[in-house]
Amino acid sequence: MIQNKIDYDKFKEDAESNAPRTRRFGRSEKKTTKRKFRFPKISGLPTTVRELLTNKALLTKILMTLLIVLIYRGLASIPLPGVDMGVYEQYFQNATASEANYLFLIFTGNTLDTPSIVGLGIVAYINASIIIQLITPVIPYLTEISKEGARGQQIINQYTRYLTLPLSVLYSVVYLLFLSRRDLSSTDIGTITETPDFLIPHAVGSDWPSVTKIIFMALILTAGSMFLMWLAEVITENGIGNGSSIMISTGILASLPSLLKQDFSQISFPNFFTQLFEGNFSVLTNASIMSLIGVLLGFIILIILIVYINESVRKIKIHYARRAATTPVSQDSNLPIKLTITGVLPIIFASALVSVPQLIIPFARQAFDNGSSIYGILGDIEQSFLFATQDNVVNSKDLVYAIFYFVVIVLFGIFYAFIALKPADTAENLQKSSAFIPGVRPGKSTEKYIARVLGRIGFWGAMFLAFIALLPLIARNYIEYSSGVNLFILSGVGGTSILIIVSVILDTVRQFNSMRVSRSYERYA
């Protein structure tokens, strides 16, 4: 009897607790359980947009990234103290020559709008990362740290930050000294005219700006570079996408509107369409209009090609011995190797190497007398192809420079492919996980096989990078010499810029989709 009473009371209690509402004195009483806040359902929108607006974590990451990008572009519009803006606007406000882009690519944050306090960009941070990657296999201490997982990666990242500071100071001082000695009224680098125009005004009675001014400007550029490094890491950790890549692509995209505006203004596109609608088809023979249309179509084709090559993967089939008896369905897997495994780093290496003589030799030449033999040797180097600008590939000197640049990119591409994917470490990891390549013995044979495949992939990937780097230069020279048209868009945007932008967009979209998938899994967890 007692047991039946207890069961009845328990049944009654469960029934009352599960009831959604009860009646008392003719009024309904709702449950007092608190409900979690949920975003309202949004209908009539695409699935991706609806998931974005209802995913608070993903929306926060996107807003954080956009906020940091706005901060970066705002800082890029603040002029650097000590720069003569009158001289700058006179020579570079509408600059199209590659020399202007070369001089101010780093100095202005990849734009020709204004020399800014963050004009150094994150080039020091990127170069510090590259240096750490190159010396990690050589230094045993760094090699051991790199194998410690997330903790080791944090230590390596900290060393990268430490190296960024002295590199920022060095780059700031070198570029300020180089620009302070560059007479913009002279067409010859290293030559000063009787009435020189210097971007950084010199001290009275001196051939250089004051030391105080150089130190002050270098400190500002260094502080701006370190602040951008911090912003890039905030994007990587709390935003969406890779912070450094987004910073670079933002600077590239910021220069596109002004370049396109200048091209469209000199061609007068509204007048072109008006005459075309009136039946005047003779405007189709206008060299400027057809050149611009051809370039824009070429950019579209180039983007499609970059997307296709960037997503191309060579899959090496691998077999797991331990899985054969238990899970025969999943016993096979693949080791994917991207065709562009090196990214754009070979182009960065090659650009840095070929630009070193143009930065150092003008300073070194001024340290010797005019009659000395070393002065003559340095002068001969300045007249060689190493000081070409790629403006005229028909010219023999510039043609040799372009070929040299192409070969250096290919060599660096093959070299860095073996750093991005180490065959010895890959073969060792496969052997530890009881995996092997069918038809290849584990150990040294596997290492040689991976090295052989990687060598071929690295070669063709490097050839593609070199082709992308030189294609806009060739197109610009061809259009200029065939039709006499000089397009601003080809002077300000190169194949490397397009490759960076496309890669950043693909990586960001891939990360966005992975966050969406993880969000879907959490619903069923």
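Cβ coordinates come from backbone N, Cα and C, glycine included.
Positions annotated as region 'Disordered' by TrEMBL: 13-33. The transmembrane segment feature in TrEMBL is assigned to 58-75, 117-139, 159-178, 214-232, 239-260, 289-309, 339-361, 399-421, 453-475, 487-509.
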Per Cβ pairs under 8 Å, the stretch of 58-75, 289-309, 487-509 packing most closely against the transmembrane segment (239-260):
487-509
Most Cβ pairs under 8 Å with the transmembrane segment (487-509), selected from 159-178, 214-232, 289-309, 399-421:
289-309
Where else in the chain does the transmembrane segment (289-309) make close Cβ contacts, counting only residues six or more beyond its ends and a cut-off under 8 Å?
263-264, 267, 269, 272, 283, 339-340, 464, 468, 471, 475, 479, 483, 485, 487, 489-490, 495, 498-499, 502-503, 506
